[in-house]
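As annotated by TrEMBL, disulfide bond applies to C115-C127, C134-C149. What TrEMBL lists as domain 'MACPF' is 154-517. What TrEMBL records for 576-603 is region 'Disordered'.
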Amino acid sequence: MIYCSISEPGGLRAPSSTPENSKALVCCSVANLYVWQSHVEEAGSALCLDPACVFTGSSTSPGLGVQGAPGTAFPQHRHRRLLQPAQFGGRRCAGHLWDEQACRAETTCTGPPGCGQDFQCEGTGRCIKRHLVCNGDRDCRDGSDEDNCEDEDTESPCEHLFPIPGVEKAVQGYNILTGEGRQNIYDPGFFGGLCEYVYNGEWRELQYDAACERLHHGDDDKYFRKPYNFHLYQFLAHADSGFAFEFYDDSKDLLDALKSDRSKSTGFTFGIGPGDGELMFNLGFTLSGGKGSLKNFTQYDAKDVGFIRAVTKVQTARFKMRRDNIVLDEDVLLSLQDLPDTYNYGMYAKFINDYGTHFMTSGTMGGVFEYILVINKEEMRRKGISSEEISACVGLSIGITYSKDTLDLGGTLTHSDCKKKGFLETDAESHSAVVEDIIPRIRGGDTTYSGGLLNSWDGKMYRHWGRSLKYNPAVIDFQLQPVHEILRRSGLGSAEGKRQHLRRALGEFLQEFSPCRCGQCHNNGEPVLLGDTCSCHCRPGHRGPACQQGQRPGGEVDGRWSCWSGWSPCQARTSRRSRHCSNPAPRHGGQPCAGRDLQSRAC
């Protein structure tokens with residue numbers, strides 16, 4: 001293999017293939033492609049920033065009223081950009097995008113001091129209304145609003161209620177690039193002096209205590225208290241969607257389905273039966289360590305493997321957040337205060353990285369039980385086992401009922417039939433098993449149950465996991481808004497300038513970590529940017545860091561978009577940006593890029 005560095009203006013070109021000794025060779029860079037741009041942003045970013053005292057308590061929502069005195073310590077920030085992600089085996093540079101150090105302000109913060117007639121929390125300087133002081137709720141995170149209060153005989157009906165299940169998940173920010181939750185946007189513990197509670201429709205007055213082997217009256221889960229930021233929270237009937245089993249011939253098709261979270265129409269769906277079967281699978285192989293992330297699947301690009309995906313969703317509740325006058329978490333209020341009034345991409349991008357690109361406005365609570373079986377297709381052909389049989393046998397172990405007409409198995413598959421198939425056993429001749437690995441992707445529920453379920457499959461463990469969702473649900477379906485809208489929805493009207501800066505930074509942030517910045521992948525491979533590294537997911541029959549090996553000359557090449565250009569200056573109150581179908585351009589009858597090449601917005 002011959003390697004050399006190819007650079008072009010504006011980025012790195014994909015490896016090109018040259019014939020030598022009848023072998024397909026790749027020419028690409030293995031140098032440090034993860035390049036930092038270390039520089040000072042706009043004037044003042046490297047200076048000690050004084051606090052901008054623009055957040056004062058309003059009549060509808062708590063805010064900040066912090067007075068900065070000379071000599072007060074505040075962080076000093078610097079940022080460097082990702083000029084070129086690592087690709088084609090290139091090494092990553094050490095270090096971080098952001099750095100900060102303590103410094104001291106020499107001037108006094110301008111703006112109204114303190115909270116005026118309102119109460120100021122000791123820990124963060126947050127302002128709350130006086131009627132929230134000594135009301136029995138910790139409206140300040142540090143509880144300073146409940147210090148030195150006289151004992152009162154009146155007892156609130158909400159005093160001993162637990163918060164609604166899953167509240168800590170719904171209040172988080174969300175990063176759409178990684179699909180992960182970030183730090184809190186909404187304040188999960190603020191009740192605003194209200195006593196609002198939700199009835200649990202699945203509550204039963206008589207409950208069975210397995211430890212004491214007796215029935216008892218239980219009221220702990222009859223009602224749950226609803227925090228201020230939740231406009232609606234409604235428990236749903238505890239029911240699953242049925243297991244859907246789908247076979248994918250290669251990792252790229254699987255990745256497309258996972259990223260879009262859609263199922264193939266050719267998949268088939270089971271219902272969950274009573275679970276009276278006796279079969280239990282002891283898998284006996286090591287689970288993948290990536291917790292079901294996209295990073296797991298690149299190792300299978302060069303192997304003749306397929307994937308069986310089994311997934312079911314269980315809904316436990318639906319929720320909707322307040323539209324206006326939301327109360328932000330105290331940490332996000334402090335972080336908003338630290339943002340400069342003049343635009344500085346580094347500091348605004350750090351805020352987006354900490355709190356997410358978006359936040360949730362409504363959604364569904366529950367759980368997702370999903371696992372992906374990695375199938376050795378050669379071993380499956382050698383043993384004469386179909387993907388339907390593998391799916392049915394795994395399904396039988398957790399009490400799944402199925403129709404022979406749906407599976408087209410030619411008859412009813414029994415527990416003894418599954419044992420005879422031996423698809424989990426290593427073959428003595430080939431030293432391979434039909435099922436090579438399993439990748440878990442389980443959200444919600446008790447992790448101790450789900451961990452046991454992945455090693456020993458039976459219906460009892462699955463039902464334990466399902467019951468645990470009531471107290472520990474995940475957010476499984478949701479609607480989002482861009483993070484800059486928190487300033488509009490929280491009533492911080494004086495921060496409109498920061499909202500515009502945050503909106504601008506979000507566009508740059510999404511562009512900086514977009515896969516359009518990756519070099520071209522051969523043979524319709526798909527570029528994926530994970531963090532600071534680009535990789536190519538190859539079509540079946542192709543391999544290599546750029547999918548350049550095993551290619552068929554003259555094949556179709558589908559087009560892919562370049563990155564968007566920057567927004568043009570305003571003309572007639574309109575700004576525009578464009579992109580080109582050139583990364584690569586379609587060739588030899590390949591598909592053109594889908595979508596528009598021009599965008600406009602009012603300015």
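From the backbone N, Cα and C atoms, a Cβ is placed for every residue, glycine too.
Automatic, uncurated: that is what TrEMBL annotation is.
Worth saying up front: this structure is predicted, and the values here are computed from it rather than measured.
A map of TrEMBL features onto the structure.
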residue	record	DSSP (3 states)
C115	disulfide bond	coil
C127	disulfide bond	strand
C134	disulfide bond	coil
C149	disulfide bond	coil
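When Cβ atoms from all protein chains are considered, those within 10 Å of C149 (disulfide bond) total 11, not counting its own.
Take the disulfide-bonded residues C115, C127, C134: by the count of other Cβ atoms within 10 Å of each Cβ, the lowest one is C134. Looking at C115 (disulfide bond) and C149 (disulfide bond), their Cα atoms lie 20 Å from each other.
Between the CA atoms of C134 (disulfide bond) and C127 (disulfide bond) there is a gap of 15 Å, rounded to the nearest whole number. Comparing C149 (disulfide bond) with C127 (disulfide bond), their Cα atoms are 18 Å apart once rounded. Mapped onto DSSP classes, the region 'Disordered' (576-603) shows 0 helix, 9 strand, 19 coil.
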